[in-house]
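J.: Pasting the relevant annotations from Swiss-Prot:
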type	residues	note
BINDING	TRP11, ARG31, HIS32, LYS105, ALA137, ARG252, LEU277, GLU279	NADPH binding site
BINDING	LYS105, GLY133, LYS188, ASP241, SER251, ARG252, ASN253	sn-glycerol 3-phosphate binding site
ACT_SITE	LYS188	active site, proton acceptor
Amino acid sequence: MKIAIIGAGAWGTAIAMLLARNNYRVTLYTRHSAHTQEINQLHTNKKYLPNIILPNIIKATSSFSDIVDHEIIIIVTPSDQVRATIKNLKQHGISNNAIIGIASKGLDHNQSKLLSDVVKDYLANNPLFIIAGPNLANEVAQGLPCALTIAAIQKEVRFNISTLFHSPNVITSTTEDIITIQVASAFKNIIAIIAGIIIAKQYGQNCKASIITQGIKEIVAFARAAGSTNPDISEFAVIGDLILTSYAITSRNTKFGYDLGQYEYYTDLSNNTNPNLIEGIKAAKILYPLTVKLNLNCHIIYCAYSILHNGGKISSAIECMLKKINHETK
């Protein structure tokens, strides 16, 4: 079986290692020839996973022509690159039988769509699955225990993809609810930023836990509005991923929120950070107008948007959010 992964960052490489440990040969696509040479010759990916040796059966390429004939193609690019990646696959003549996986987190930046809908725009006949879970890429690469949720509408796809990943160290669950998992993947980075700010501003762990709980409510509300009839928050990829992202200070979005919480305005920190690397910044910009349009009380989204995109004072935005949540629960 030929399996390709597009995106040789930390998470894409970690996914490749999970498959390689189950003796599947994996082709890892990266745009940079030097990166390809490092993976193929040294079996390392030092920029993203230092001190990790990659299995020899992982091979890298910088040519789309090398992967379009693969039976399974998993996309692990930043969310704002998914549409271009799908278009590229179509232009290179990908088979209608190829199974497309999405492991990217976030929403489409051009049309504010779920990433699964972007795939349908160009590859409507291809089977599709979403893969996510509460995993830090470095721990997965080390071979530590982890859990994954495989979401697909077709039962056969769910079963087959789950079987590829399952091992004594990898717990897999399956669901047909592809909507809630994608919504949670977008929301969780925003919630993590606010959680990081909460701790930096010394509101305490109680407040942080309350914000995470509110975040779950907002995920459910948005998922229903997006078409999920019965949002399943119990999956590893929903509540599990949210807990990990919000509580692990090594998580990129939580760390960003904590650093941001040392200041009063985003502009005080923005010169020292690359917003393209913080998915929560991009997600807040996309989700804010959608939640307003859908008339949803997503107070965490409104707070994050105010801070990150509307010049809001951080402490004032947090206080406003807490008051609105408090008022709503009465």
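Counting starts with 1 at the first residue shown.
Note: Cβ is positioned from N, Cα and C throughout, glycine not excepted.
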J.: Listing them in sequence order, which of the binding-site residues GLY133, LYS188, ASP241, SER251, ASN253 have their Cα within 10 Å of that of LEU277 (NADPH binding site)?
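T.: Checking Cα-Cα distances against LEU277 (NADPH binding site), the binding-site residues within 10 Å turn out to be ASN253.
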J.: Given the binding-site residues LYS188, ASP241, SER251, ASN253, state which is nearest to ALA137 (NADPH binding site) when distance is taken between Cα atoms.
T.: SER251
J.: Would you please pick out, from the binding-site residues ARG31, LYS105, the one with the fewest other Cβ atoms within 10 Å of its Cβ?
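T.: Each of the binding-site residues ARG31, LYS105 was scored by Cβ atoms within 10 Å; lowest is ARG31.
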J.: Using only C-alpha positions, which one of TRP11, ARG31, LYS105 is spatially nearest ASN253 (sn-glycerol 3-phosphate binding site)? These are the binding-site residues in the record.
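T.: Nearest candidate: LYS105.
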J.: Could you round the CA separation between LYS105 (NADPH binding site) and LYS188 (sn-glycerol 3-phosphate binding site) to a whole angstrom and send it over?
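T.: Distance (Cα to Cα, whole Å): 9 Å.
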J.: Rounded to an integer, what is the Cα-Cα distance in Å between TRP11 (NADPH binding site) and GLY133 (sn-glycerol 3-phosphate binding site)?
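T.: The separation of the Cα atoms works out to 11 Å.
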J.: By a simple count of other Cβ atoms within 10 Å, which of HIS32, LYS188, ARG252, the binding-site residues in the record, is least packed?
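T.: Across HIS32, LYS188, ARG252, these binding-site residues, the one with fewest Cβ atoms within 10 Å is HIS32.
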J.: Calculate the distance in Å between the alpha carbons (Cα) of HIS32 (NADPH binding site) and LYS188 (sn-glycerol 3-phosphate binding site), and round it to a whole number.
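T.: So the Cα of LYS188 (sn-glycerol 3-phosphate binding site) lies 30 Å away from that of HIS32 (NADPH binding site).
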